[in-house]
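Step one of this worksheet: look at the structure below.
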Amino acid sequence: MKNLLDLSIEELKELVSPSFRATQIYEWVYKKNATEFSQMLNLPKDMRQDLAEKFYLDPLKCVKFEQSSDGSIKYLFELKDGLKIESVLLPMKEEISDEDGKISRHARYTICVSSQVGCKMGCAFCLTAKGGLVRNLTAGEIVGQILWIKRENKIPYERRINVVYMGMGEPLDNLTNVSKAIKILALNEGLAISPRRQTVSTSGLGSQIKKLGEMDLGVLLAISLHAVTNELRSRLMPINKAYNIEAVMDAVRGFPIDMRKRVMFEYLVIKDLNDSVSDAKKLVKLLHGIKAKVNLIYFNPHEGSEFGRPELASMLKFQEYLRDHGVTCTIRQSKGLDISAACGQLKQRNENPKFRANVSGNSAAKTEEKPTNDKTNVSKK
């Protein structure tokens, strides 16, 4: 059997007749939360039976989740072959003014998805990298993470969703399937998540950044930089030996970006390693001529890590220097500090009960095993 979520609507149209049935199937799956073909009552019975014999709609199963006191939820999913991946739901808030200028608050969500089982980039600060790469996810397995999280949390179809490819794996090391997932998510017949609300994060595969740009998908780009010298970056991120900082910056300068948007540079701040004002000065020079936004990220400690979480004062000084020199800079609001927030932590805890994430305030967090026979709500829309 094949995963129907792997199919674009054009591919599905080639498999069903008449072709308008493909649109109906897409609407059931992406807009009405159907998880079984038997729920698609406007399809002929024989077609439903035929589809059920050839395809499945549930590429993953949630085996555990942890909910933080800040509302973020980390999920551990099991794939059909028994391998496990992680995804995260980050509830946000945005302010919207009505016609009278009165501000009302509306929830919005960011979903962080994995693109691979494991990762071969070998970043020193990343728990996922310690296990190496097992395999790429298919487009349907990537899309399935978003579908499951939206369905489980009863997020309305119309509600704004941002997708970030920042979970387990290097997205550009699985560019074929990631680019297909981007296109499937953007289809109006499906979830209609615009590419401009999808961000691909990379450790800096220069040649793949170029390929992604040539695809002209309209997605946003985020670069995991984390250091301002090649010596330190090579220590933290072995990929720097193949694509050094200069090569990454050259690739970024050639990447097509919406004039209203900026390239995001993610900078993981590690105590006494890359958190000085001197580092900030070097970063300003590196970003010269690039329409950039820097996102400072607190290092999330985990058991066995040699690195420490930076002080708030260091973060603020770093941010202040960048802003004073014309670089847009934010400090990422730390979410999930009371759960296994760092990439790979929940998977590691599930597989190794002796492992403990170095987190605080665990009494506020909620951890649950998910039953395997969850009933899924199907929208009546």
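Positions of Cβ are set from backbone N, Cα and C atoms, glycine also.
Take the S-adenosyl-L-methionine site that Swiss-Prot assigns to G169, E170, S224, L225, H226, N300: the candidate from S201, S276, S278 listed for it is S201. Inclusion criterion for the recorded positions C112, G169, E170, L225: a C-alpha placed within 10 angstroms of the C-alpha of C119 ([4Fe-4S] cluster binding site); this criterion is met by G169, E170.
When Cα-Cα distances from L225 (S-adenosyl-L-methionine binding site) are compared across the recorded positions E86, C112, C123, C126, the shortest belongs to C123. Just so you know, the Cβ of G169 (S-adenosyl-L-methionine binding site) picks up 29 other Cβ atoms within 10 Å once every protein chain is counted. Other C-beta atoms found within 10 angstroms of the C-beta of L225 (S-adenosyl-L-methionine binding site) number 28, with every protein chain shown included.
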